[in-house]
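What follows is a short report on a single structure.
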Amino acid sequence: MILNVVLKMILRSWWRNKVFFLVSVASLALGLACTNLLMTYFVHEHGLEGRNPDRDRMFFLRQDDPMTEGKRVAFAGAEIPPQLKQSYAEVEDFLRLGKLDLLYCKVNEQKVEGDFKMLSADTTLTNFFDYRTEEGSLSQVLCQPGKVALSEACARRLFGGKQAVGKQVEAHFRFGEVRTYEVAAVLKKREQSLLQFDMLIAHDPDFFWGGLTLLKLTPGTDAGHLADKLNEDKVPTLMPGQTKYYLDPLDAICFTTPDDSSQQTLDFVSQTPAQTLYISLLAAVLILIIACCNYTNMSLSRLLQQLRMIHVEKLMGATLRNIRLQLFGDAFLTVVLAFGLSILLVNDCLSLFNDLLGSRLTMTFFFSSQMLPWLLLFILLMSVIPAWYISCRLSRLSFTEYRTLYSGRRKQRFVAVLVTVQFVISIGLLLATLTARNQMELTRQRASRYEGCIEIGDAFGTPLAPFKAELEKRVKGIESMTLSKASVLNAWIRQLNVLRPSGKEVRTNLLTLEGDSTLLRTLRIEQLSGESPSRLLERQASPVLVNESFVRLLVPAGTEVVGHALREFDTETKDSLAVIAGVVRDFSVNSLEEAVTPLVITLLSASDLQKGFYLQLRLRPENREETLRQIEAVWNEMNPNQPFGYADMHRDFMARNGKVLSLSHILTFYAVIGLLLTGFGLFGIAWYATRQRIREISIRKVHGATRGQIIWLLNKPFCIYAVVAYVMAMPVGWWFMLHWLEQFAYRAPLSAGIFVWPLLVVWGISAVIVCLQGWILSRVNPVECIKQE
């Protein structure tokens with residue numbers, strides 16, 4: 001009976017204080033939703049293979065990357081892992097993994113396109129990972145050639161809801177190879193799996209030369225000591241005598257840092273940028289702080305009404321226990337209701353969140369045994385502690401104590417601190433967002449040269465000179481087309497030893513491109529010196545162009561590079577006739593975290609390009625899709641046994657800069673939410689403040705105060721809060737963003753607008769909200785207000 005009465009009193013209190021209730025619940029719901037999402041994402045990513053009993057005994061076999069000094073690559077030759085197991089007792093087992101270049105599949109003669117990931121693995125896969133089948137047998141797949149296992153998602157995509165085991169899948173690979181597999185198993189989804197794939201087959205010894213290798217060590221083995229033994233015994237590496245092996249735990253691959261960027265891509269392994277993860281978690285905590293500040297401010301604003309209610313209830317015979325129960329229930333149910341709404345928000349926003357961060361979170365994981373206890377503990381802390389404090393404090397608070405502690409200047413100072421904290425967080429998030437978006441815009445500028453560009457061909461395919469000639473005749477939607485001997489974004493790289501003026505010898509990479517005279521026009525490369533490529537091909541036997549980085553790193557200062565033989569600066573070149581005929585501006589082919597590599601562009605005549613295996617095409621944007629269909633039709637007509645495929649150069653370049661794009665999107669998301677929550681809080685504070693000062697404002701109007709003066713009176717403290725918050729937030733935000741920008745070789749400048757806009761936005765939002773409340777209040781008849789008072 002008492003609980004029923006208490007619940008009615010709580011609901012009645014919520015109805016009487018609708019502004020408090022709506023602002024508090026909305027703020028807490030948004031804050032809890034953001035925190036729950038990021039906390040769950042953090043646990044999910046940190047717990048990869050968390051239920052695997054052998055997780056701590058599994059190590060990646062990595063070695064020094066021969067192409068990038070100071071970096072490591074997860075690769076071992078196919079013959080190395082069996083030798084290690086045979087020669088070292090510490091190696092209990094090994095697992096070799098390889099990724100196949102699958103273009104598309106056919107099922108019942110129907111082409112199914114998609115970004116399918118096909119892996120090949122040893123029979124030891126089940127000794128490392130506990131894969132369970134929905135139907136069929138995984139061991140049959142790993143032991144018999146011609147069998148394939150599909151993930152549940154892949155099986156649904158290929159066969160709908162029908163049974164997949166026993167069906168045939170025709171796989172079309174790069175280089176024109178076609179194989180037919182029989183589906184022997186459908187694998188259940190593994191939550192927090194290290195490996196991400198759609199299709200799995202057994203290794204083909206004739207086509208597997210090496211790849212990613214996992215070693216399972218015996219219990220108690222020191223991985224570092226074993227790696228030292230491998231290097232002491234001179235186990236062959238990619239460059240024997242110059243590189244060495246390392247045994248790194250799973251986290252070394254799963255969590256990437258700016259210092260770990262490498263040319264190697266492992267898209268079949270779950271990899272999370274650690275920096276993005278921690279910045280996102282910090283942003284979520286800051287959003288929760290804004291929500292808590294809103295709740296505290298709203299609680300202070302209605303405190304006097306609660307005290308009146310408590311004293312009335314005491315006069316009516318309510319006991320101290322009943323009053324505490326009511327106050328506790330009020331605060332507890334407010335937080336619990338907000339938590340329930342936050343779960344609904346998470347459910348609605350989960351797909352957007354997964355797209356922003358490239359995660360694979362599901363609602364099922366939220367309620368898993370790994371996550372649910374943390375969520376329950378979190379909500380209990382968020383609800384019980386504030387509810388207990390409020391119930392104990394308010395139940396004994398008198399009007400005299402209220403006037404001493406929670407009114408007048410003391411209350412104003414407390415509210416000022418909370419509002420300033422909200423402004424500091426909002427300004428900091430806006431500064432971070434603008435800085436990240438500024439860097440993203442620089443990335444998009446660098447990527448603009450690749451917009452509309454595609455690349456066709458591969459190093460082991462057929463020569464494309466006849467295909468190019470046919471395209472020139474039949475396809476009108478091509479703006480420019482270049483025949484070349486090398487891919488642009490995956491160009492051939494070799495290393496050079498460069499002697500610095502100080503006498504120190506350092507290693508650097510050298511990229512090489514070989515194409516016809518249209519290469520610069522197709523890729524919109526700016527030529528800084530020398531004649532046009534077509535004129536150079538007419539006048540010189542073997543002209544080459546170099547970029548600014550080549551001149552800066554390989555050419556002695558003060559030397560005019562044009563006209564010199566290439567061999568003067570690149571002693572390892574095979575072309576003794578190559579002469580440097582011009583310089584082009586640096587352009588990026590990798591992430592902006594990496595400095596542009598020295599580049600040599602060899603201009604070749606049509607006769608030299610008869611064995612050109614690559615085509616770079618710039619398509620006109622107005623009919624791109626139709627042009628692609630025409631190009632594919634010509635390809636299928638001329639190469640009926642080879643599947644058509646192309647690389648979107650703009651998309652591939654942006655994917656290499658995916659970390660900054662992801663961080664920019666997530667910061668924008670949280671900055672908008674932070675401003676929304678700050679706006680909620682300001683609306684509630686302004687609403688209560690204007691109602692509590694209605695008599696004062698009415699008297700001011702009677703004495704001749706104008707509407708503008710009244711609005712400025714209400715706005716003035718919030719303007720001061722915004723300026724103080726700006727002064728506090730800017731130095732800290734500036735230091736953090738400078739530190740973040742240090743990872744990039746090419747950084748967007750921090751313009752004045754980046755520092756001005758956060759203040760203008762925060763001040764503008766507060767001004768609009770407070771002015772609206774002040775304008776409404778200024779229209780009230782002062783005589784009626786004084787009568788009611």
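Positions of Cβ are set from backbone N, Cα and C atoms, glycine also.
TrEMBL: automatically predicted annotations, no manual curation.
As given in TrEMBL:
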type     : residues : note
DOMAIN   : 282-398  : domain 'ABC3 transporter permease C-terminal'
DOMAIN   : 669-778  : domain 'ABC3 transporter permease C-terminal'
TRANSMEM : 277-296  : transmembrane segment
TRANSMEM : 331-353  : transmembrane segment
TRANSMEM : 373-392  : transmembrane segment
TRANSMEM : 413-436  : transmembrane segment
TRANSMEM : 667-689  : transmembrane segment
TRANSMEM : 710-734  : transmembrane segment
TRANSMEM : 754-777  : transmembrane segment
Most Cβ pairs under 8 Å with the transmembrane segment (667-689), selected from 331-353, 413-436, 754-777:
413-436
I'd like the per-state residue tally for the domain 'ABC3 transporter permease C-terminal' (669-778) from DSSP, helix first, then strand, then coil.
95 helix, 0 strand, 15 coil
Would you mind listing the long-range same-chain contacts of the transmembrane segment (754-777), meaning Cβ under 8 Å and 6+ residues beyond its ends?
423, 426-428, 430-431, 434-435, 438, 675, 678-679, 682-683, 686-687, 689-690, 694, 697, 707, 710-711, 713-715, 718-719, 721-723, 725-726, 729-730, 734
Arithmetic mean of per-residue pLDDT over the domain 'ABC3 transporter permease C-terminal' (282-398):
76
